[in-house]
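According to Swiss-Prot, the protein has these features:
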- Ala59, Gly60, Leu61, Asp62, Lys63, Thr83, Asn136, Asn169, Lys214, Thr242, Gly265, Gly294, Tyr315, Ser316: FMN binding site (BINDING)
- Lys63, Asn108, Arg109, Met110, Gly111, Phe112, Asn169, Asn174, Asn243, Thr244: substrate binding site (BINDING)
- Ser172: active site, nucleophile (ACT_SITE)
Amino acid sequence: MLYSLARPMLFSLAPERAHELTLSMLKTAHKMGMLRQTIQPKPVTCMGIEFPNPVGLAAGLDKNGAYIDALAGLGFGFIEIGTITPRPQSGNPKPRLFRIPEAKAIINRMGFNNEGVDQLVENVKAAKFRGILGINIGKNADTPVENAVDDYLICLEKVYNYASYITVNISSPNTKNLRSLQSGDALTELLETLKKRQLELAEQYHHYVPLVLKVAPDLTHEDIQFISEQLLTFKIDGLIVTNTTLSREGVENLPFGNEAGGLSGAPVFEKSTECLRSFAKVLNDQIPLIGVGGITQGEHAVAKKDAGASLVQIYSGLIYTGPDLIKECVSAIT
């Protein structure tokens, strides 16, 4: 595809600039009617939703929902936008995004840079896309972690009518103390409060929107056991496994390999897939799983499915392989 020709030029730019330029080029191509990648339908029913195919876009590429229609032209079975926070925030200081091409890896410490939930809602309302849209929600960096539930409630209420499902992101390593919400009373309070509000909104709008949790790969067996118990207790609708890792296995001696932030791409594949397998074993098909982390070829998508995933998501693999990866993954999954 054309991406193989454009990639050397994009990789000559700073990663964040290349990210912005790629999205801009996609939007232009879409407006010109040049984005029509045909993907063979492979319907999957998950969380009460019928997905046209099981391969989705992970959150982080389109944080503000400004490129939904263009991304839809690539043939994803579903698109997840965000992470969004109640108020706009600029994120962490630049540089904060690093390519490690030798390992097909990326390190980011973006810090939930976004234009705020109100702008995202306006962008979603303006989009023509009528497919499956996930909206990923988080907390503002300056909100104390003990008040985090308030930020999640604000976002939940504002995006509820515009999302096919809503992802609660408590696993980014780039917002101080965010991962502490994955354990103990903090997780219990968060899930209990959000589930209660979800059910109230479902009754108010006569429309049920599934609630999904996104977790990190850096979890112990005890963590996995506890999180699983909480998911079942509060009847959370799905689990995304996993976010980026703090591990540097596979990139230790490479340029930028020791930059702070979350590592994604090929090196996280084994770790995230093992985490997925562990959750699948504990949950025993009681909650659907979405596998993400290190998918750079079709066989990786199959491995996620074999480990227990009903759906998969890709992001970093797209940067190295291009949109052909979507079709490859859909074709590989039987």
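Glycine residues also receive a Cβ, built from the backbone N, Cα and C atoms like all the rest.
Owing to the predicted nature of the structure, the values given are computational and were not obtained by experimental measurement.
Gly111 (substrate binding site) and Asn136 (FMN binding site) are 14 Å apart (CA-CA, integer value). Reported as a whole number, the C-alpha separation between Arg109 (substrate binding site) and Tyr315 (FMN binding site) equals 16 Å.
Closest by Cα distance to Lys214 (FMN binding site), from the recorded positions Gly111, Asn169, Ser172, is Asn169.
Our reading of the substrate binding annotation (Lys63, Asn108, Arg109, Met110, Gly111, Phe112, Asn169, Asn174, Asn243, Thr244) yields a largest Cα to Cα distance of 16 angstrom. Looking at Gly265 (FMN binding site) and Ser172 (active site, nucleophile), their Cα atoms lie 15 Å from each other. Counting other Cβ atoms within 10 Å of each Cβ, the lowest count among the binding-site residues Ala59, Leu61 belongs to Leu61. In this structure the C-alpha atoms belonging to Ser172 (active site, nucleophile) and Gly111 (substrate binding site) are separated by 8 Å.
Close to Asn243 (substrate binding site) in the fold, though at least 6 residues off in sequence, lie Asn169, Ser171, Ser172, Pro173, Lys214, Val215, Ala216, Pro217, Gly262, Gly293, each with a CB less than 8 Å from its CB. The substrate site, placed at the center of the C-beta atoms of Lys63, Asn108, Arg109, Met110, Gly111, Phe112, Asn169, Asn174, Asn243, Thr244, has further neighbours from the same chain whose C-beta lies within 8 angstroms: Gly60, Thr83, Gly91, Ser172, Pro173, Thr175, Gly261, Gly262.
Listed in sequence order, Leu57, Ala58, Ala59, Gly60, Leu61, Ser264, Val292 are the same-chain residues at least 6 apart in sequence whose CB falls under 8 Å from the CB of Tyr315 (FMN binding site). The two recorded residues, Lys63 (FMN binding site) and Gly111 (substrate binding site), show a Cα separation of 11 Å. Cβ crowding, taken as the number of other Cβ atoms within 10 Å, peaks at Gly265 among the binding-site residues Gly111, Gly265.
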